[in-house]
């Protein structure tokens, strides 16, 4: 049996071993500190060197044995550490190594301190070199490392461990201002204990306003009266820095310690030594140092390192700390002690801060990146996964030159002025530089801060496959970032950027071409569709959860999130032009059966942090305001767009319209100038408003998407009417179940909203009479209850028209600018099983056409397995889901839609596809007549000519030739009028006070160009005052697209004709004596034909 004493000795021995291990260096695991390793040869001893003399200035040396750095050597060329070579720093103060490059590989090690023995003195490595033109590009085993580099290749080890303070960065707890903070009162009070922050250290105080340049540095001086959470500054401050939680949002400035014991820096000159393009944008020396680690390294740990004057603005892969193509660097990659970057500080970087390139499992914790060019914390290609970014601070991220997504718009147009097709490069291809660039969602972001970026704080992007050097590997292993859920996003903070958080877009993976002319690596549209199996787009959707974010003082938008199954919770947002916007698709969400949710969040319009004017950010209404429109751009807390969206358990606070400008400020609004769809299923509930003047705001803009803006208030917490819907204040929506809410300029209705798309499936055969297209919808056969849509901008000419409609109402659709398309598809959205509605389509002509109506699924009218043909009936009352009715008098086609299949609540269509109706129009008269039946279907009219001249005008009717009778050519019947526009010719319809001056809405005339031409004709009204016969000024018909064999409707507001009378005559006229049709030009014009001339009464 082993004696007790022997057991005790073994225990003590094991404890000693634990205390003497050096990371990854099994040969010396009984040594407490690296500089105590046996057999270390002192640099200062000439016997340590093969040449038996110390290295001299400008010499390159190979280190193949353990060397102890115990003196400051002269400036050296290249140090190669390999075989069993080690370069270990002696634990003494102020050692500096100045060298052009350090290359570590094949068993080589660079060691300053260890995990058990942090380096507590000042140590500096300065990488020297004058310019890109004079320095040699270094290589290891054929791998390029560039210039001014510490390179770690296969078999290499780098261990840099500095003694650090308890707190790397913290926050202010009281506001400081230049007016009250000076050399006599220059103490910062901070959130955490900072009594170990060294005197003389440099600190950063971040901006708490819209201008990131309000971030500023200072130095700590001795303070005998400071508490443990206070420091005294050397210099006065320049800007106001907020130091409290305001209205529930933490807007306190971050205060960070930039100085570390171990410093790696680049030697830089006073001027730019580079090509003209680089120097134009960066008129200073941007040729900094960099560290690159490649696959196969033994160990790589960076703990408490300061990196200054690092990165190279002109070359890819020359970044301060760069894990390059390393694969896994954690336990799964075979590392007992996984790689990490902790408590480091990068400042004054000419290219990025911390870069993870085709590397998985890296820990980046409690670091600082300040004043950097290009993305700061970066996942390069979109193949990087399982990396952890925790408690990092990034501040002042500037535009860079390397890739389009780094560049400003100006940089983009300078570097690549035109795309593949010769068109100017679009700014949207660029302008995406971000403090955190997250190109693959399967990574962790916890407790990070992005404080200031020229563009964006945190950007999640979703390319189809990884880009760059990882592209082929990504395809091989079927890695699709756009299908990958977010691994973890928790409690991140973004402020003082242009945009806070961006969740959208991707990088172009292919070279430019005719069909995709954008440059390689430019920003493109992409759709995020997270899946339970990210390798299979057909697997079930999987939610991506963003839990906790503080977002404030961003010039434009707090957060923009486009994608499928997105959950946002515990957000706190304040002082942004737009707090939060969800987006999905402009037509139908690409990710069906899912929605977007935000809940348990706070959005504040304007906090107590009023800011300080600087850098073209003016003071408006007593506070900084960067938003534009002379300070009047509306504030929107939550901006509704696309959908389907759900807001639940939200608090909106401090949305006030204050004097003297009374700027529009609303808790909830809609995307302005919107061309795209809005889901009829978007809902809000459990909403609380605190100090809010306007809960909802509808903009004045009336683009297609603006007109269909809507949401449903499920519980009445906003409208005081549960299960009500909000829509724009338009007659089209105003039913007996609606009431007007004046402060919102909105209608609140007890109606059920649905959507209908009218789609032109044959634009090639459509007889477009101009470049414009539109569809008019009319509700319940009342002509003034109409809305006109010009179509979604995803096709030219526009071919898809969206309408928001109410269940249990009737809708007709007309085509006022051209004949009804020969193939028309009606696509109902968000209808439920067994629901039905009847609608009308204007065909425009009743003779010489053939109609065919089909019920299809997803437009598959060419596939008989999914087609059901409808058949005509002879009465409106006999319409069913299997029949249609065509009214030959009005040329209106009436069809019933019946939804056979059920749909999930969030799906726009049933699971088996959208049930649609397809109308096919053929025959010799197809495409001959404008598809506008409004006058025939709803209006009462005063006709001047239709087959015959109205008897009121028979005695005075004048024209140069007689009426033509030709049923094959006439608009509707058998007769029409010819007109030969010469300098003196005209057609007159004269009567005696037969046309009332009130009660008429339109003048209409149908025109056939006889041949394709640009004929110009005008209309004049006759009237009399005191027996004097007078004429109005001519009203020129501005339609210049009359075509041969096409009848075009010209509809003129009667008010526009009357307004051409002399102003002093208008109020004297109670009736008119007729009108004339005249030539608008002095020269003779080709003949044209006229038909169905009438006035339409205002019903």
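The count begins at 1 with the first shown residue.
Cβ coordinates are placed from backbone N, Cα and C, and glycine is handled just like the others.
Keep in mind that this is a model prediction, so the values were computed, not measured.
As written in Swiss-Prot, here are the features:
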- 47-174: domain 'G8' (DOMAIN)
- 62: N-linked glycosylation site (CARBOHYD)
- 137: N-linked glycosylation site (CARBOHYD)
- 664: N-linked glycosylation site (CARBOHYD)
- 764: N-linked glycosylation site (CARBOHYD)
- 858: N-linked glycosylation site (CARBOHYD)
- 1-24: signal peptide (SIGNAL)
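Here the features listed in Swiss-Prot are placed on the structure.
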{"residue": "62", "record": "N-linked glycosylation site", "contacts (Cβ under 8 Å, 6+ apart)": "79, 80, 81, 82, 85"}
{"residue": "137", "record": "N-linked glycosylation site", "contacts (Cβ under 8 Å, 6+ apart)": "144, 145, 146, 147"}
{"residue": "664", "record": "N-linked glycosylation site", "contacts (Cβ under 8 Å, 6+ apart)": "632, 634, 635, 657, 694, 697"}
{"residue": "764", "record": "N-linked glycosylation site", "contacts (Cβ under 8 Å, 6+ apart)": "none"}
{"residue": "858", "record": "N-linked glycosylation site", "contacts (Cβ under 8 Å, 6+ apart)": "866, 909, 913, 914, 916"}
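According to its DSSP assignment, residue 664 (N-linked glycosylation site) is coil. Helix, strand and coil residue tallies for the domain 'G8' (47-174), in that order: 2 helix, 58 strand, 68 coil [DSSP]. The DSSP secondary structure for residue 858 (N-linked glycosylation site) is coil.
Mean pLDDT of the predicted structure over the domain 'G8' (47-174): 97.
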